[in-house]
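Visitor: If you scroll down you'll find the structure; I have some questions about it.
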């Protein structure tokens with residue numbers, strides 16, 4: 001079965017099915033060029049990481065894709081259509097979780113649906129399903145301040161999943177949780193990419209994390225911001241989550257990325 | 001507070017001051033300070049009289065209306081000022097002038113503009129309460145976590161949604177603080193209005209008792225007024241504590 005699938009994947013090169021594409025996007029903050037004529041494509045159903053030193057514009061790019069920032073020029077194409085603002089086809093997961101502190105976990109998870117006008121019973125049923133899926137069953141009535149950082153990010157993730165967008169945008173989602181929780185999150189993320197058939201765009205500053213979770217890694221370099229390289233790991237993705245970190249290819253890619261980034265780190 | 005290991009009940013300092021008052025009153029040092037016990041006797045005597053009930057109703061009416069307008073105008077104005085740089089630049093100087101201005105001096109102008117009736121009293125009350133509500137709401141909105149707003153935007157919130165579901169709630173601890181101070185100032189406003197504009201309500205009672213040197217009556221009404229203002233302010237402080245759990249975590 002998995003072999004058939006492998007063959008199927010090979011027969012359909014991923015670059016033919018692009019979920020999101022960034023075309024010639026530039027963005028200036030006053031005199032500072034945050035992004036300059038950047039183009040990048042994100043294959044459907046895969047996880048692409050944006051990786052780079054701080055100041056390379058990776059979060060700016062993600063927010064432009066989300067429609068939270070307007071590019072000065074260029075366009076964002078999602079599923080074949082240019083987008084100019086936030087839309088139901090994309091959902092965002094925030095670095096600092098961005099939960100409503102006055103609302104229960106249930107309302108927080110259902111909040112995306114609430115804003116889209118879904119009736120209460122329907123959105124709560126849906127939210128309950130995703131609360132279970134992210135492993136927070138039993139915490140529906142809890143408030144964010146009663147949860148640990150990791151659990152809060154699970155709420156943020158459940159909220160993004162429950163609106164059922166085809167594209168998930170994650171802005172350094174695990175950087176505010178502790179190391180052990182982060183590892184668990186990374187494993188869960190791999191399972192999510194496997195099962196959910198969504199396109200993930202993942203901003204991170206951790207090289208290991210990017211190589212561990214990504215189907216495709218875009219290395220961004222600053223001054224001027226540009227995509228310097230796109231890396232597609234090939235061999236270790238199918239070997240099981242436990243074996244990735246000691247796979248030779250994994251280690252090589254981590255070293256290679258560090259070699260190209262180290263000159264840009266102050 | 002603890003003294004010699006005994007825990008004193010809340011507000012026990014009031015008892016000390018009450019005792020001092022009673023002693024000074026009993027010595028008959030000045031007509032201005034009658035014994036506290038007599039004040040309370042008078043208080044219970046007048047509290048059911050038609051004159052007192054009328055005064056209470058008139059004052060409550062003007063006070064509630066004034067507080068209502070300062071809240072329903074003050075909170076949205078404060079939120080809009082916190083959100084929009086332009087509105088903030090336009091309105092902030094005026095708010096700062098009025099929050100510190102001697103509003104009593106404006107009352108004669110209000111009388112010319114709005115007559116000698118209830119309207120002028122309500123406007124005076126509103127003017128006393130509204131500015132601090134605006135300032136506090138504005139301060140609350142300005143320190144909202146940016147990503148809460150981005151979150152709402154990314155899930156397609158309309159401006160009204162963001163206003164009602166994010167800005168209001170995120171600023172609620174500061175808003176309640178502002179309303180509490182605003183309400184206390186509105187008590188001042190309604191009495192000043194009733195003294196200066198038309199002699200009605202508690203203002204009329206103060207005027208009547210003071211000009212006839214009925215000091216026990218005067219103090220009795222003042223104590224009632226203080227008790228009312230104190231209960232309202234304590235109730236709002238209680239609401240404030242209820243939302244304090246998230247004030248630090250937005």
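Cβ atoms are placed via backbone N, Cα and C, with glycine included.
Heads up, TrEMBL stuff is auto-annotated, nobody curated it.
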Visitor: Select from B:41-61, B:62-82, B:146-166 the stretch of residues annotated by TrEMBL as transmembrane segment.
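Guide: Per TrEMBL, the stretch marked transmembrane segment is B:62-82.
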Visitor: List, by number or range, the same-chain residues at least 6 past the transmembrane segment (B:190-210) whose CB is under 8 A from its CB atoms?
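Guide: Apart from its flanks, the transmembrane segment (B:190-210) reaches 51-52, 55-56, 58-59, 62-63, 66, 103-104, 107-108, 110-111, 116-117, 120-122, 124-125, 128, 217-218, 221-222, 225.
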Visitor: Please report, as numbers and ranges, the same-chain residues at least 6 past the borders of the transmembrane segment (B:62-82) whose CB is under 8 Å from any CB of it.
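Guide: Apart from its flanks, the transmembrane segment (B:62-82) reaches 88, 91-92, 95, 118, 121-126, 128-131, 133-142, 144, 163, 167-168, 171, 175, 178-179, 182-183, 186-187, 189-190, 193-194, 201.
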Visitor: The transmembrane segment (B:94-115): which same-chain residues, six or more beyond its ends, come within Cβ distance under 8 Å?
Guide: 81, 123-124, 127-128, 131-132, 134-135, 189, 192-193, 196-197
